[in-house]
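Q: According to TrEMBL, the record shows the following:
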type	residues	note
ACT_SITE	342	active site, proton donor
BINDING	229, 270, 271, 272, 273, 378	pyridoxal 5'-phosphate binding site
BINDING	273, 309, 313, 343, 378	substrate binding site
DOMAIN	31-376	domain 'Orn/DAP/Arg decarboxylase 2 C-terminal'
DOMAIN	50-277	domain 'Orn/DAP/Arg decarboxylase 2 N-terminal'
MOD_RES	56	N6-(pyridoxal phosphate)lysine
Ligand code: LLP
């Protein structure tokens, strides 16, 4: 299990490249990813037979290529995530399937792509089984099961239980087996992802449910997937999950099933955040320093159009200051950090429910840079053009060299699909 990092409120470099140089060369706001951190996080999970990256966390083609080259297969939740995986060089066939489509529905394009390329489908609803069976009988499929309970870092990231639309309700498993039979589909695996932010207590419940469900399906099961949800610490009070214990729990489930079925079972894990969160930094420039009554604000050029996690979940992100003059940082003081959007919720230092909170940060002036850290998962990929702000640039640092992996959006590109 990795060591929880100490988060500092000042930072001059990212992966060996100066923050000031990054801002000068690539402009702000810019997402910067440290490739070595992603590779390290992949290595942490080596005990699992298959690591399947949940690309929804950060799906830039260069990131997908990096994980592919490190023997990580990929999950796709939409037609265009399938197309991204293909564009990043993933094959369509293989064991384990290089690309798996996991969703609760097929939109028409996704169904067409799955048929056209013969992709493996992880069905999250009885309707998906029906729709696939109608056009492609004889396929192997896996089922995403909702075990009837879930857990998440926020109610919005809890994907289990009857409040959730995700997966096949555990009590409908038998019905789905009959449905698969009737449509000539074979169920070769089960998958459970109960939410983002797993802990070991919930996990042992999931393992029990997996065991029960797999025994109900029977010997056709060849794979079980633990889903994603591995947490990362966003501040020094949070921790990683004990990866050894996490693996042990799943491995015990796998072994029980192997004994019952008398054949080997492959154990998959499907992390998004764990691979990319800590690798990503959002570099932004302070454009105003404002005193509003008792409150001091740093107003930067990145907003919730670039990083939506604080406004969506009250998520905490470490923030550090890089001084443009490289001078020593002074005594920290309470600051609220906001962005440029014409909306009062555009605050990075807020708690769930929208309550603004102050953060101890060093004194800073217009032109100094802020680095919003642990932003590599659900950062860029949840960004928007709200207030007609361009999508940020993305940069990857490998072996001390920074290169653009996505140009900042241009105005011409932004309006290209509009018609007067
Ligand atoms: N597998 C499935 C089926 C999922 O639905 C998800 C996440 C994952 C894997 C990856 O979960 P992770 O390892 O990244 O926790 N936007 C939220 C997170 C939403 C997660 C949705 N599903 C956030 O910013 O925290």
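Note that Cβ sites are derived from N, Cα and C of the backbone, with glycine treated the same way.
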Q: At a 10 A cut-off on CB-CB distances, which of the recorded positions 56, 309 has the highest count?
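A: Compared across 56, 309, the most Cβ atoms within 10 Å surround 309.
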Q: Which recorded positions from the set 270, 272, 309, 342 come near ligand 1, judged by a Cβ under 6 Å from any of its atoms?
A: 270, 272, 309
Q: So around the pyridoxal 5'-phosphate site, 229, 270, 271, 272, 273, 378 aside, which residues have their CB within 8 A of the centroid of those CB atoms?
A: 54, 56, 57, 196, 228, 230, 274, 275, 377
Q: Using other CB atoms within 10 angstroms as the count, which residue among the binding-site residues 271, 272 scores least?
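A: Each of the binding-site residues 271, 272 was scored; lowest Cβ tally within 10 Å is 272.
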Q: Report, in whole Å, the straight Cα-to-Cα distance of residue 309 (substrate binding site) from residue 272 (pyridoxal 5'-phosphate binding site).
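A: Cα-Cα distance, residue 272 (pyridoxal 5'-phosphate binding site) to residue 309 (substrate binding site): 15 Å.
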Q: Give the distance between the Cα atoms of the residue listed as 'N6-(pyridoxal phosphate)lysine' and residue 270 (pyridoxal 5'-phosphate binding site), rounded to the nearest whole Å.
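A: Pair distance, Cα basis, whole Å: 11 Å.
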Q: Which of 270, 343 (the binding-site residues) has the most other Cβ atoms within 10 Å?
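A: Neighbour-count leader: 270.
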Q: Based on Cα distances to residue 313 (substrate binding site), point out the closest of the recorded positions 229, 271, 273, 342, 378.
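A: Smallest Cα separation from residue 313 (substrate binding site) among 229, 271, 273, 342, 378: 378.
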Q: Using a 10 angstroms cut-off on Cβ to Cβ distances, just flag whichever of 229, 273, 313, 378 is the loneliest among these binding-site residues.
A: 313
Q: Look up residue 272 (pyridoxal 5'-phosphate binding site) in the DSSP assignment and reduce it to helix, strand or coil.
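A: Looking at the DSSP assignment, residue 272 (pyridoxal 5'-phosphate binding site) belongs to neither helix nor strand, so coil.
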Q: Going by C-alpha distance, which of the recorded positions 309, 342, 343 is nearest to residue 378 (pyridoxal 5'-phosphate binding site)?
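A: Given the candidates 309, 342, 343, the nearest one is 309.
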Q: Please average pLDDT over the domain 'Orn/DAP/Arg decarboxylase 2 C-terminal' (31-376) for the predicted structure.
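A: Taking every residue of the domain 'Orn/DAP/Arg decarboxylase 2 C-terminal' (31-376) together, the mean pLDDT is 95.
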Q: Of the binding-site residues 229, 270, 271, 273, which one sits closest to residue 343 (substrate binding site) when you measure Cα to Cα?
A: 273
